């Protein structure tokens, strides 16, 4: 499992595209926001946590259709399914690799982009924390969506339609942690709930993903 | 070790029954060559034998746990080197050392080369080296000699013979004469035709009018 | 097994068709009667509420449609489970047939809810927790239907949509909770919906019950009719595959 | 017609839009039902012919 994860990370880094692309997309989204709503800090600062969470979420979405599609094209998915590793483990490793190449860099980059939107000082830390806790759930849910659509010719758009409604709880709790952090409010409850969503996803979604993969491979 | 036994197997692709009543018994050290025209269901049969899809009817023994499946899509990553690609599959299958597999398919000189820079024949040998690394005794090979020149075909045949010599089993879907002593199974007579479809075809909606 | 008539024997497509054919006209007539009686009663012969004025009449559409929007998803969940566990084709097709009915009910609940809230909120749309939850449910329905439409092989589609329905149900409940957390008590959500029954006088309550019965019957009749169509479409699909093969 | 007072637009819109949606759903259900039945009958006919 570790081996699948490290191979996927190595592939993403070597191919270049998938790794840097989502970061660049995140940057562009954040840069475009002031053009849409105006440059005043009084306008930008209150919406900054939400914008940054939304930007990270969309950036996560960008690379999801590659999670299984590449392995399916070159036959590796068939070979993984026949290898002596449980498909649930493959699903978890795939989600882990996706998180390491998108969620983690996005979380680390977010505090710096937050400066562009005038997020008040204590908010940076909590923004990064909320993303670090929440983005694994985004990767796991996205991997599930990718498993549902892996056999389809035009799966990309459908994947977004399936995955985005499932992102609602994570987005609500995550953005709330970031917002409360920026306003200096108590953020225990939403952070605990965000952690619970991620923990639940880790525990349950690999089984659903593996079930969907088995059907898609048939 | 027992052989590979298929009894009264029926397979379908995309809900359409292709073959029905396929039965064979391949003993250890023996090979079976599947023949039949394009689209008859050779790939589907091999995938069923590999446990990648459930049969419509009938049984395969053993299931997928003893078999290694090799198709034209060999699962090798273009940007990884030969050694990296093989090392990955070796770890997954619990095989320690890739050196014997490299040697068996004459890949030693190429071990550092990225898979995308291999010729078609070299790439094919890489795929076969993976089969060896799985340590599994039933090889299921789909069109293994496509894009191979005469010398490479001969080398491939040697590898299969060596595998059989170790007591392994091979099922091959191919039209090329390999010079391997093997039984041939013409799938034409198991083909599900429009006339026979619906009799145990697996789809209850095909059996009779719904009202 | 042949001699004992179990409930599962209705899951055979041919039997299902034979059983539902005589049932459908009666169900449809009963649904239409309940809807006409309930809505006419509610619209013409109930007084205005002293606080909400005539907008109280929207209750006869909003409450039953909201109930059916949720129950339709619940029915799809049960049908998906039956398909995954017992592999009954009718069950999978019934889930597929229910989704467009559920999405329409959700739309009716959304539209009537927004219209009902508009005098109170002063706008046509407010991010009221209940309304927002229905909006999210609407998106779940869209995704479910889109997945059915995208997959060519019917059994594969049934498998994957069933898995999506299971996972979606968990996330739908989670979203409901999250939305409450996100916008707690900013709007008077509770005064809008079913909880109102407790302080609703009989003059409103009895026609409301008739309307709920009408919507339930309408749902059942529509799902039966649509399942019959799906079974025929499935048979047609099987025949066309055979034709192409021959 | 009952007097709907100052909320006539709201109540009218709610009933009108709901009627459009539900009648539309029933119409689509019936129309598709007929179309599929006709296509299936034709296919069964070809099969039996």
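Placement of Cβ uses the backbone N, Cα and C atoms for every residue, glycine included.
Within the listed segments A:43-64, A:65-86, TrEMBL records transmembrane segment for the stretch A:43-64.
With a threshold of 8 Å between CB atoms, the same-chain residues lying at least 6 positions outside the transmembrane segment (A:99-119) that come near it are 5, 8-9, 12-13, 18-19, 22-23, 26-27, 30-31, 33-34, 41, 44-45, 47-49, 51-52, 55-56, 59-60, 62-63, 125, 127-128, 131-132, 135-136, 138-139, 182.
Between the transmembrane segment (A:125-150) and the transmembrane segment (A:12-37), the number of CB pairs under 8 angstroms, six or more residues apart, is fewer than three, so the stretches are not in contact.
Non-local neighbours of the transmembrane segment (A:157-178) in the same chain are 49-50, 52-54, 57, 61, 64-65, 123, 126-127, 129-131, 133-134, 137-138, 141-142, 144-146, 148-149, 187, 190-191, 193-194, 197-198; each lies 6+ residues outside the stretch with a CB under 8 Å from one of its CB atoms.
Listed by sequence, the residues of this chain that lie at least six past the ends of the transmembrane segment (A:12-37) yet keep a Cβ under 8 A from its Cβ atoms are 43-44, 47, 51-52, 54-56, 58-60, 62-63, 66, 97, 101-102, 105-106, 109-110, 113, 116-117.
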